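Visitor: Dropping the structure in here first, questions after.
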Amino acid sequence: MKGNQKCVEILLNKNAEIDLATERGWTPFLISCSRGYLEICKLLHSKGANINTSENCLSTPLHVACREKHENIVRFLVQHNADINVVNTKRETSLYIACVKESFDIVELLLSYHADVNMCEEEGNSPLHAACLKENKKIVQLLLDKKPDIYKRNKAGKSPCDVVQHVQGRDGHVIVKMLNRYKTK
C-alpha cells in the first residue's frame, strides 16, 4: 500500500478484510497512520477499521502517528475517540512518545484531550522526564501547566529535575528554574 486511495477503495469494494494483519500485527489502518495517509485513514475508518488496533508490541495507530510526527493523523484519531492513555509493551503512552519526539503541537493536542501527564513508561519515566531529558522548555511548560507530579522518581531514582541537571545542556538551567518555580506554587 503506497498511499493509493483508489486501490484501497477497489479492495474494500471487493470485501477485502479490513483488519487483516501482517505477522507482526500491522493492519492497513495502522500502516496508513504510520505513513501519514490521512485520506486512506479516513476511508478505512469509515468502513469500520479498528481505531485502537495494535501491532505485536501493542503500539496503536495513535502511538505510531505520534512517533512519526503526523499531527493531522493524531488529530483525526483523537477526534474519533482513540484511546489516548493506552500503553505499548514498553508502557509508553502517546504523550510520552510525543515528548520524546519533541512534537510540541502534538503534545499540546494530546493534553487538550486530557492525556495523563503522570503515566510512566517501563523505566519509570514520565512525559516530564522525557521533556526534561530533551531540554525542551516549551514542552516542559505545557506539561507544568497540567500540574504533573514533578517529584516522581524513575527506576533509577531520578526526578525530572535530577534528569535535566544530569544532562547539563544549554537550556538545563532554565528548566531547573522552571521546575523550582513550579515547586513554590
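From the backbone N, Cα and C atoms, a Cβ is placed for every residue, glycine too.
So TrEMBL has the following annotated:
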- 24-56: repeat 'ANK' (REPEAT)
- 60-89: repeat 'ANK' (REPEAT)
- 90-122: repeat 'ANK' (REPEAT)
- 123-155: repeat 'ANK' (REPEAT)
Visitor: I'd like the per-state residue tally for the repeat 'ANK' (123-155) from DSSP, helix first, then strand, then coil.
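Guide: Tallying H, G and I as helix, E and B as strand, the rest coil: 15 helix, 0 strand, 18 coil.
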Visitor: With Cβ-Cβ distances below 8 Å as the criterion, list the same-chain residues six or more beyond the ends of the repeat 'ANK' (123-155) that contact it, or say none.
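Guide: Residues 93, 95-96, 98-100, 102, 104, 107-108, 111, 117, 161-164, 167, 169-172, 174-175, 178-179, 182-183 contact the repeat 'ANK' (123-155) from elsewhere in the chain.
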Visitor: For the repeat 'ANK' (24-56), could you work out the same-chain residues 6 or more beyond its ends whose Cβ comes under 8 Å from its Cβ atoms?
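Guide: Hits for the repeat 'ANK' (24-56): 1, 3, 5, 8-9, 12, 18, 62, 64-65, 67-68, 70, 72-73, 76-77, 80-83, 86, 88.
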Visitor: Suppose you look only at the repeat 'ANK' (24-56); what would the mean pLDDT be?
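Guide: 94, rounded to a whole number.
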Visitor: Counting only residues 6+ away from its ends, which parts of the chain sit with a Cβ under 8 Å from the repeat 'ANK' (60-89)?
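Guide: For the repeat 'ANK' (60-89), the far contacts come to 29-30, 33-36, 38, 41-42, 45, 51-54, 95, 97-98, 101, 103, 105-106, 109-110, 113-116, 119, 121.
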